[in-house]
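As recorded in TrEMBL, the features of this protein are as follows:
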DOMAIN    31-443  domain 'Cation/H+ exchanger transmembrane'
TRANSMEM  20-43  transmembrane segment
TRANSMEM  55-72  transmembrane segment
TRANSMEM  84-101  transmembrane segment
TRANSMEM  113-137  transmembrane segment
TRANSMEM  218-240  transmembrane segment
TRANSMEM  261-286  transmembrane segment
TRANSMEM  306-326  transmembrane segment
TRANSMEM  347-366  transmembrane segment
TRANSMEM  386-405  transmembrane segment
TRANSMEM  417-437  transmembrane segment
Amino acid sequence: MAMDTGAFLTKLEMVTTSDHSSVVSMNLFVALLCACIVIGHLLEENRWMNESITALAIGLGTGIVILLTTGGKSSHLLVFSEDLFFIYLLPPIIFNAGFQVKKKQFFRNFMTIMLFGAVGTLISFAIISLGAIHFFQKMNIGSLKIGDILAIGAIFSATDSVCTLQVLNQDETPLLYSVVFGEGVVNDATSVVLFNAIQSFDLYHIDSVIALQFIGSFLYLFITSTMLGVLAGLLSAFMIKKLYFGRHSTDREVALMILMAYLSYMLAELFYLSAILTVFFCGIVMSHYTWHNVTESSRVTTKHAFATLSFVAEIFIFLYVGMDALDIDKWRFISDSPGKSVGVSSILLGLVLVGRAAFVFPLSFLSNLTKNSPHDRISLKQQVTIWWAGLMRGAVSMALAYNQFTRSGHTQLHLNAIMITSTISVVLFSTVVFGLMTKPLVRILLPPSKQITSMISSEPSSPKSVIVPLLSNGHESEADKGSQHVTRPTSLRMLLSIPSHTVHHYWRKFDDSFMRPVFGGRGFVPFVPGSPTEDVVQWH
């Protein structure tokens, strides 16, 4: 009995020690997040730096300190987990991006976005895979299976939409932002779908039937994922419009919006769909319908709640990537052949550059053929910027690489260690170098005109732009409609004077006639704080 009690106390002491070390780690990590925010604020006006690079640099510095204090045993406070990334950190980032995106600009460029995001990703995937087969066989780094080669293509064709959000401005370069960011979201989804398909199909016996199955699987995932997000957004709008939770508590409205958004993401994961696409389109639908059905206080609260969650998740990801880059276990495996790791990283980086150029310029040419207005066409300078801004690789690439080349969080083979360290090197190099250079490149190639700058600064306020103009969602305000004498730049004036027989025109007619009476939205909910939705319903 005494021995049992002693063993129990020893076990309890071990658990307590483990819990205490976890608490210490979390304290340090939260303190680092605070430091990233403070330093990022101090560097706000710097033309080179952005939040992600600041967090990455702090993560690297912290990793070095931890390595020194632990005698080279560890470099990070938390163990990397794909679940942590895909289930907790990615949803708020992608949802907030959909919630903020200017829908008119996004859908006007929808075909271009789909061309870049789906077709472009497949072209990049093919070039990177073929390049990997050609170069890695000559390097003699080990026996890569066909599944590994194709997985490398999927991993490095995934652009970093998180970093894109921080290096491009939606108001200064609306066309670039909508194309690059929209492509990034579709690209991430396509890369994950490709990666999952590679793991589920028999790659040693590929024939026309398997190829058709692959295409069918991709289309099924894309369409069903999008529809699930749309349905989740519409359901939240309908419930809030009919039940009007704000009558008694605005907290219920806010909670329901957040939970419905997260539920859409988790349902997509449950049914093996593309959760990234689902939550992105859920954000678009919620900003169009649900957001206008809640009280004024709930609008302000949700706007800042979503933006804050996204902001913290972005910093968390880059801070951790910085620390994980110095994980000594992975580098110890390749210490006998550092030249091979450098060579593999250089080849992969070159393939990323070539793979992106191979689709951006040809697909831009095809896209321009379908545009009547010269203002809607993508100029050569814009094409160069789109090519450059999409070269960054980030947490999605790392998560997929860990999935393919690790076992239980640790590399077991020399080849796997080389691939993991090479992925980390590409992510760090592309984020820091390409990320640092994107802002200056945009300012050199596409300097903002004084007209556009003055237009942004004098934009009439709307509920979504009380504080952040980014959240205007491309809607014209009532003041806008009533004052036709407001000076606009030529491109915007042409946009507003385009003949009304367009897709957008027909969608607005359908939206006004059928969707808004059922699901609410701008024009159906009076902007009167605390008034029940069903008391006063206006047609705009």
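Each Cβ is built from the backbone N, Cα and C atoms, and glycine gets one as well.
Note that TrEMBL annotation is computational and uncurated.
Outside the transmembrane segment (261-286) by six or more residues, the chain places 86-87, 90-91, 94-101, 103, 106, 185-186, 188-189, 192-193, 196, 221-222, 224-226, 228-230, 232-234, 236-237, 306 with a CB less than 8 A from a CB of the stretch.
The stretch from 84-101, 306-326, 347-366, 386-405, 417-437 that makes the most Cβ contacts under 8 Å with the transmembrane segment (113-137) is 347-366. The stretches the transmembrane segment (84-101) and the transmembrane segment (386-405) are in mutual contact, each linked to the other by at least three Cβ pairs under 8 Å (pairs 6 or more apart in sequence).
If one looks beyond the transmembrane segment (55-72) by at least 6 residues along the same chain, the residues whose Cβ comes under 8 Å of a Cβ in the stretch are 32, 35-36, 39-40, 314-315, 317-326, 328, 428, 431-432.
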